[in-house]
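Scroll down for the structure; my scribbles are underneath it.
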Amino acid sequence: MIIVLNKEIPKGFSANVDIGFKSLAEQFTQQNRTLLDMINALDRDLEGFLKQEKRATIKIVKNNKPRPSSLSNQEGTLNTSESSSQFNRFTIDSPPKLFVPPEVRKERQAQIDKLKHSLGQSAVWGVSSDDLEDVLRISVLVKDPSELPSQMNGQLEFNFHIPKSYGIADSCFIIFPTVVDGFPSSIIENNFNKFLRTHTSWKLFSVVNYLACRISDLKRADYELPESEAIVEAIVEATPEDIKQPSSNVHDEEIQDKARKILSLLKKPKLKAVENDSSSDSQEPIEAEIINDKEESEADEEADETDDEELENIFEIKPIEPRGIALSSPGITLTNIDILECNIVNLVVTCDKCSTQNDLFNIVSGPYGRDSKPFASTCTKCKSILACAFQKSLVRQISEEAPSPVLGYLDVSGCTPVQILGTSFVPTCGNCTSSNPETVFRRLEPGRTAFLNCKSCKIRMGLKIGSDGYEFTTISDDKLSAERINGVRIHKHDTVKQKLGLTSGQPLPDDGKCTHFRKSTRWFRFACCGKVYPCEKCHDLESNHPYEYGTRVICGMCSREQNISNTCAYCRHKFENKGNTGFWEGGKGTRDPTKLNKNDSRKFKKLPNSNKNNKGGSSKKSNNSRSKNSASKDE
């Protein structure tokens, strides 16, 4: 449906346009026509709609009582005093402005930003904002479009009200801006707002996703929240001495206390729950109370220790069971990263049968805590099956004295890992706790720090692999079972492991030159596969993947590997020409005589071709002189 906004068009004629377009929309919807066809049809039939007879409308006019024309000064002053006294008698003091801690406001804004980033600017836009709340207009696609009327096209549009005190006192709620025939908007509002009041710990994006997925359940008038979807909160049993009677009337001061307690919870103090007494009629939620260590007795401290252990067991993520070969990275450093996950691993393995080294690329880990799909390949020499599966672990920032963190565990069959060619890490931002699959650290080099910006809060995240690189630690001798390898695609190798055979201090073969670049005197170690080639063309001839330059080179004069630079760090050999120096330099410098320096000995030397021409010219001159001499003698 449409609404005519032109004020100069009377309501009776604008109603004809609205009704006419509604009939067109129903007709075009049955024919599966597009919205553009509807607009074109409206443009074509608009004149006919406006020529129709004006529809009857009803105008509601407010009936105001006429004011008295004249009153005496005495009666006026008396009435004024009485009205003012009555007004003052029933005045209601405005409630004090609720204090919202900066951490809570920051968390609220982070959730709003994540909601806008996840749904996109076309689906979320601001309607209004004031000191009390922010209103967002959200349009989402529901999971089952058949649950909505046909004119809604599977999109649910609503106003999302987010109070400024969200996270402390008030909860969010939704309101549908328009009423559509056949759509129970009021029932959905009541059911979903009740859901929001009971699930205050859910993120904004999670509740919007719940609305889009459970629209069929929320449409029912007898909807009740299942027990399986209720939030399981950590409740620690308190001793009878610690039980307090919460008051039935919650004042603003109590709300402020709750805000301060939430701030203290972020600093991880000891917690003790306060339960409601069964005889109390209030139904206030259980609140957490901060306990001061100095005021506690020894008996209470022992009870708190057991309570803390229970809380840690509830919120702690259980680590995966160590098995196979552990992949660790000593000296890893995280900057503004809360959790680091290693998703893809590239390995160099040794065949257990023939001891030949093979490359295994793109070994992808499954979800945390689950077995991943193995990667299988054949040996380049004996054609035996080499299989490997990687199970990632969660890495957090640790102190330097702690043992090296485990990136994951490898389950192998028929091979033994010896080297890491490259890995891919997915970070979780330590500022906004968001993780984006597009934000990935790839092919990190030991001893160098890589940086990425968070997609949500734009903070700079840093990751550094220690100078020792990666380590393999054998946990158990368990191998991949045949059941997991069965049915897996077997990849075939086309290349063989490099055997450079370099000797430090001696030059490379042909000083590191190749058939493609005869003036290059260095070899490059490519970051894509970790192998060494003279140039990218040589890499493409022997590899089946696109090349990617690294930052390590091997000098062609001393065969020492080092960081990329214009001069060798050991023998001081220059990899690149200095440019046009103006001197011959044994044929490696300037060879154009016109561009040679005047102090170069070859600047004015005669070329071989010019010498031949000069010889011919001198013979002609000698012949001419002889003829002149003979002519003079004859005379």
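Here, residue 1 is simply the first one shown, and the rest follow in order.
Cβ atoms are placed via backbone N, Cα and C, with glycine included.
Quick look at what TrEMBL annotates:
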REGION    63-94  region 'Disordered'
COMPBIAS  66-91  compositional bias 'Polar residues'
REGION    273-309  region 'Disordered'
COMPBIAS  295-309  compositional bias 'Acidic residues'
DOMAIN    507-573  domain 'CHY-type'
REGION    582-635  region 'Disordered'
COMPBIAS  588-602  compositional bias 'Basic and acidic residues'
COMPBIAS  607-635  compositional bias 'Low complexity'
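Helix first, then strand, then coil: DSSP counts for the compositional bias 'Basic and acidic residues' (588-602) stand at 3 helix, 0 strand, 12 coil. Broken down by DSSP into helix, strand and coil, the domain 'CHY-type' (507-573) contains 11 helix, 14 strand, 42 coil. In this model, the domain 'CHY-type' (507-573) carries an average pLDDT of 88.
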